[in-house]
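Straight from TrEMBL, the features:
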- 190-325: domain 'Fe2OG dioxygenase' (DOMAIN)
- His209, Asp211, His265: Fe cation binding site (BINDING)
- 327-371: region 'Disordered' (REGION)
Amino acid sequence: MAKMAASMVEGGEDSFRKIFKFYRRRNPPPDLSDVIDFSRCAPGEQVRAKRAPVNLDTAAVSDVEATRVGLQPVREWRAFGLRGHPGTRSRQSLNKVWMRARQLLRGASYCEVKRREKPALRQVTESWSHFSMFQELKSRTLLERLRWVTLGYHYNWDTKTYSPSSHTPFPRDLHLLSAHVTAACGFPGFISEAGILNYYRSDSSLGIHVDESELDHTRPLLSFSFGQSAIFLLGGPRRQDPPRAMLMHSGDVMVMSGPSRLLYHAVPRILPAPPGRLALETGGSIQTPPPQEGSVVEPVSEEEWAVCSRYIQSSRVNVTVRQVLAPGQKFPETPRSHQTTDPGQTDGYDDGESGKRKRSSSDSPYAAETH
Ligand SMILES: O=C(O)CCC(=O)C(=O)O
Ligand SMILES: [Fe+2]
């Protein structure tokens, strides 16, 4: 079975879609032996050929700065790159930084939320206060329906653009967290301008896509994962390039930078978190974590913390943070529409089965449901 995924990699044209379907399959469940699990790499261990340790700039972020945003000191992070990734020439096409993230599901309480409502499939954009958002989320059914939230420059799913007319201030704590992670990875001066939070239930998936709507691609894209684990497929610069499968666990941070910034990727499957993994985030209980001295992270109420802790026992939350503009760059007068696929593809985010899923403003391209 492991051979099956491997042979698809040689398959050419549709190999990404085939592998996506292979990992999404319910019956029989797929063999996961080809899926890279960075968490199984002990610190200092000589990693297999595919993986390579990444040098972090430990001087870029002081221990105090790291602690303030909920990070461990940089010297304690375990960072890996992916060597010889198919479709890239980079020997370190992917940096994966391991950290202990203390704050969870914070995105669910950020204001200005876009959400999709079922069964009316109505997309609404609303300004919600922190409090009313939380009140809404307490309703189990609403929480189950939540698929995505946007921050900063809100992404327009129809035009695939960001614009200055749809903007709310980017949360300071998430920006500082992102700026410290990028600085430690060798990218100082990162400005967090847009965020997309994806909420995954156990049967959710995210279709094959590339994130290219940002106007400056020289800046890295960050991805923070919380809750249940996911199989993440990282392909090449062309839609059909075969992907490599890896696990994203709670607390993982992925930094897509350099040539890997514009690689196709997808999430075909959500998997239960390894035993004990979520205890890191919840501190082993559903009690609110004690406030850290000097912390920049907004405090959460006990009630809010309990809802979030419960939610991630069965769901996955992924937060991507993007810099949209280069320093000093302005939005064009007439926004250009971005295609998120290579020529020939009409649908930016597909679910691995061409034509099956049509996108519109009432149908979020993110966290595509499998059913
Ligand atoms: O959920 C993930 O790990 C990936 C999310 C992603 O690719 C995106 O938001 O563009
Ligand atoms: Fe993406």
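Yeah, the Cβs are placed from backbone N, Cα and C, and that goes for glycine too.
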Should Asp211 (Fe cation binding site) be counted as helix, strand, or coil on the basis of DSSP?
coil
Number of Cβ atoms other than its own within 10 Å, given for Asp211 (Fe cation binding site):
22
Using DSSP, tally how many residues of the domain 'Fe2OG dioxygenase' (190-325) sit in helix, strand and coil.
20 helix, 49 strand, 67 coil
Applying a 10 Å Cβ distance cut-off over all chains shown, what neighbour count does His209 (Fe cation binding site) have?
20
Let me know the model's mean pLDDT on the domain 'Fe2OG dioxygenase' (190-325).
84
